[in-house]
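Reviewing the structure listed below.
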Amino acid sequence: MGHNDIMNTAEDFVDQFLRVTKQYLPHVARLCLISTFLEDGIRMWFQWSEQRDYIDGTWNCGYFLASIFVFLNLFGQLSGCILVLSRNFVQYACFGLFGIIALQTIAYSILWDLKFLMRNLALGGGLLLLLAESRSEGKSMFAGVPTMRESSPKQYMQLGGRVLLVLMFMTLLHFDMNFFSILQNIVGTALIILVAIGFKTKLAALTLVIWLFGINIYFNAFWTIPAYKPMHDFLKYDFFQTMSVIGGLLLVVALGPGGVSMDEKKKEWLMGLSVSVEEKKLNQLISNIQIKPCLRQLKQKLSVISFNNQNEPKSAHRARILQLSSPF
């Protein structure tokens, strides 16, 4: 079995998977995507005093402002999750969750930690995909007149979301010299490049979902750590943040890469090539329809001349042929 056969088999499997799961895959993707916000909002409720004391101790802002910060995180995240899951005011919910990410990035000094910053950006990429999915396409002013799809903000939201999502995988790269790490880095880098540029996107995204889910279960098994240990909360935070990135990738699998991608450009090129071939066939058919009756009529006229004007002079015979064969 050659390389093309393997790729075709894999793509057929993805298509079959999408046909079976198309009814509920977007819902699973949204649930995974908001899981980190849901978990963090609930944690704010149960760790209200600890979070308030941490913010107050870090920024010396007083109990009142620290409590306002915890309340904004709790209310903003839980209400945003409810709106997303109920499919109501999703765009406003996404903007609110973007604000929560920005607020936490500053409050918890994530801005200076490259690993956590890249993961927060990847989480923002997932929200960008959710925003693109909820955004209705603008209607054309003239019905039936095609518009320039590249100008649609939705296409660029999907591109930005794909690019930001791959930042999560950059935090998982290991620079060890053992065989497993090198193989993981090579395969992972190839897959994230495919997702970023939008080539074989659904296949690459689904492969990354499986790979990332396996890594998440193995490395972030917070349920194996006692709840009173700090590592429990650290692994739990990592686990649900990774699940959110998985949700973003599932949206890519369910909805495709969007207009700004190699897959879409390839599809447009193939469609243009098909239309060009069909136009040539149609023109040839029209030409045959127009020419054949003319040739048949001319042949009949020449037959009449041949049988009825045998004694006519040669010069007059040629003149009559030209006259009868003229279309005017």
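Every residue gets a Cβ built from N, Cα and C, even glycine.
TrEMBL: automatically predicted annotations, no manual curation.
In TrEMBL this protein carries:
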- 63-85: transmembrane segment (TRANSMEM)
- 92-111: transmembrane segment (TRANSMEM)
- 155-173: transmembrane segment (TRANSMEM)
- 179-199: transmembrane segment (TRANSMEM)
- 206-227: transmembrane segment (TRANSMEM)
- 239-260: transmembrane segment (TRANSMEM)
Range from 63-85, 92-111, 155-173, 179-199, 239-260 with the greatest count of C-beta pairs under 8 A to the transmembrane segment (206-227): 239-260
Contact set, same chain, for the transmembrane segment (179-199): CB under 8 Å, 6 or more residues outside the stretch: 159, 162-163, 165-166, 169-170, 172-173, 205, 207-208, 211, 249, 252, 257-258, 260-264
Outside the transmembrane segment (92-111), six or more residues from its ends: residues with CB under 8 Å to it: 34, 37, 55, 58-59, 69, 72-73, 76-77, 79-81, 83-84, 117, 120, 123-124, 127, 130-131, 134
